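> For reference, TrEMBL lists these features for the protein:
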type: TRANSMEM; residues: 75-96; note: transmembrane segment
type: TRANSMEM; residues: 108-132; note: transmembrane segment
type: TRANSMEM; residues: 203-227; note: transmembrane segment
type: TRANSMEM; residues: 291-310; note: transmembrane segment
type: TRANSMEM; residues: 322-339; note: transmembrane segment
type: TRANSMEM; residues: 345-367; note: transmembrane segment
type: TRANSMEM; residues: 387-411; note: transmembrane segment
type: TRANSMEM; residues: 431-455; note: transmembrane segment
Amino acid sequence: LSMCSKICYAIGGAPNQVAGSAASFFLQIYLLDIAHITPFHASLVLFIGKASGAVTDPVAGFFISKSRWTKIGRLMPWVLACTPFTIISYFLMWYLPPFVSGRVAWYLTFHCLFQALTTLFQVPYSALTMFLSTDQKDRDSATAYRMTMEVLGTLIGASLQGQIVASAHVSPHCTVNPSVNTTDSWHDTPSIPDPSDPLSHQVIYMIAAGVIAGVYLLGIVVLFLGVKERDDPYALNSDRAIPFCKGLALTMKHGPYVKLTASFLLISTAVQLEQGNFVLFCTHAAGLRNHFQYLVVTILVSAVVSVPFWQKFLQRFGKKCAACGISWMIPFAVMLVTIPNLILAYFVAFVSGLSIAASLLLPWSMLPDVVDNFRLQNPHGKGHETIFYSSYVFFTKMSAGIGLGISAAGLEFTGYKPGICRQSDDVILTLKLLIGAVPAILILLGLFILLFYPITEESRKETKLALEELR
């Protein structure tokens with residue numbers, strides 16, 4: 001597998017992360033402080049949107065598994081067909097409609113559409129790993145390229161969005177230190193300009209959405225021109241495709257897959273909670289409202305530069321051993337919650353980036369090993385790759401949706417008020433829990449489950465030799 005093919009494959013995954021990153025970091029604060037919908041309605045938008053994307057995963061897997069081979073492959077047509085509709089739905093998701101009463105329905109509709117359409121891209125794109133090469137080292141290398149580019153895409157999305165829209169979330173009214181005799185009127189000082197001002201809201205967010213849509217289109221063009229999809233290289237002509245429902249039942253009984261999915265389901269939920277609430281935490285709980293965009297960039301730059309390190313680490317010490325790096329963010333996040341210091345915040349952002357890189361690289365590097373293990377146990381079946389990838393994405397999206405929905409509902413319960421400079425003590429405590437204690441517990445539980453993951457480096461090599469014998 002040539003380096004050019006690996007790079008083009010990696011670039012193809014970046015647009016989804018660019019758009020997803022902007023939504024993960026900024027959609028919640030946009031809904032609360034710009035669109036001025038209640039935290040409860042924001043939680044509905046976030047949860048139902050993620051749930052719709054999750055439900056689309058097995059549906060996409062079913063139809064993709066039924067697809068026939070074309071001149072450009074079996075998976076590539078799905079990637080190309082959903083791209084224009086994804087761009088349109090993303091653009092409208094950041095539009096501030098002139099009416100107020102129907103805003104919740106507007107954002108719910110287009111967030112659901114965006115999540116469902118990105119699923120139609122993500123499932124065939126991620127399954128494409130299995131159709132690039134039969135060699136495990138090639139696939140691991142392509143995955144490392146892909147994750148480096150996807151984390152870079154996350155950085156680009158958060159940076160573009162953060163730099164363009166930061167002015168909509170900063171107000172001189174909230175940067176001054178209140179006097180000792182602070183009155184309640186200071187608490188009600190708007191932290192953002194008037195919502196009817198098009199310059200600070202609609203125009204700024206439309207510019208950000210337009211720039212990211214352009215990046216999305218460019219990445220898909222590179223993927224299509226630079227990657228050649230190969231037909232199933234493992235299957236014999238006599239092999240039959242596994243029916244989707246039967247294949248789904250078999251995957252749910254496959255021990256390595258169940259343990260891997262359960263572990264990273266919890267870990268990805270923790271990362272999503274960090275992403276979804278980090279900007280709110282910096283703005284309202286840590287006194288860092290003028291630094292949040294730079295802290296986000298620090299996290300993502302750290303993640304980008306550390307992906308090659310983690311790839312070398314897992315090659316030398318094994319994939320399960322590399323999972324220990326995910327836990328690095330826990331003590332530093334707790335320190336940030338208890339000591340909200342600016343210098344400490346940047347250090348925490350750097351260490352969190354290292355952990356996030358490990359949490360992104362490992363599941364996608366380990367999933368092909370699970371697929372190979374399954375193929376060895378079911379040597380005369382084919383077409384199960386999309387089942388594995390679609391159901392994995394389903395579980396991770398559903399868990400992230402539940403986590404974000406619960407966090408937004410928690411803000412509603414504790415009395416979050418959009419557009420004020422200082423939130424209540426209960427809201428601040430909730431944000432601290434969502435950044436510190438809750439992700440720490442989820443990560444520790446996920447790593448505990450991963451201890452029982454049965455595929456080791458030795459068994460992986462044995463599987464590789466056995467598959468070569470079958471071929």
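Note: Cβ is positioned from N, Cα and C throughout, glycine not excepted.
Could you tell me the structural context for the features on the list?
If you look at the transmembrane segment (75-96), the same-chain residues 6 or more away from its ends with a CB under 8 A from one of its CBs are 12, 19, 23, 27, 30, 34-35, 60, 64, 67, 106-107, 110-111, 113-114, 117-118, 120-121, 123-125, 127-128, 131, 195, 201-202, 205-206, 208-210, 212-213, 216-217, 220, 223-224, 227, 229, 386.
Residues 4-5, 7-9, 11-16, 18-19, 22, 30, 34, 72, 76, 79-80, 83, 86-87, 90-91, 93-96, 125, 128, 132, 153, 156-157, 160-161, 164-165, 167-168 of the same chain lie 6 or more positions beyond the ends of the transmembrane segment (203-227) yet place their CB under 8 Å from a CB of it.
Long-range contacts of the transmembrane segment (387-411) within its own chain (CB-CB distance under 8 A, at least 6 residues past either end) are made by residues 28, 32, 39-40, 42-44, 46-51, 53-55, 57-58, 60-62, 64-65, 115, 119, 122-123, 126-127, 242, 244, 247-248, 251-252, 257, 261, 264-266, 268-270, 272-273, 276-277, 280, 363, 367, 370-371, 374, 427, 430-431, 434.
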> As a test: from 108-132, 322-339, 345-367, pick the stretch that has the greatest number of Cβ pairs under 8 Å with the transmembrane segment (291-310).
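Most Cβ pairs under 8 Å with the transmembrane segment (291-310) come from 345-367.
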> Please report, as numbers and ranges, the same-chain residues at least 6 past the borders of the transmembrane segment (345-367) whose CB is under 8 Å from any CB of it.
126, 129, 140, 143-144, 146-147, 150-151, 260, 264, 267-268, 271, 274, 282, 286, 288, 291, 295-296, 298-304, 306-307, 310-311, 314, 319, 322-323, 325-329, 332-333, 335-336, 388-389, 392, 453, 455
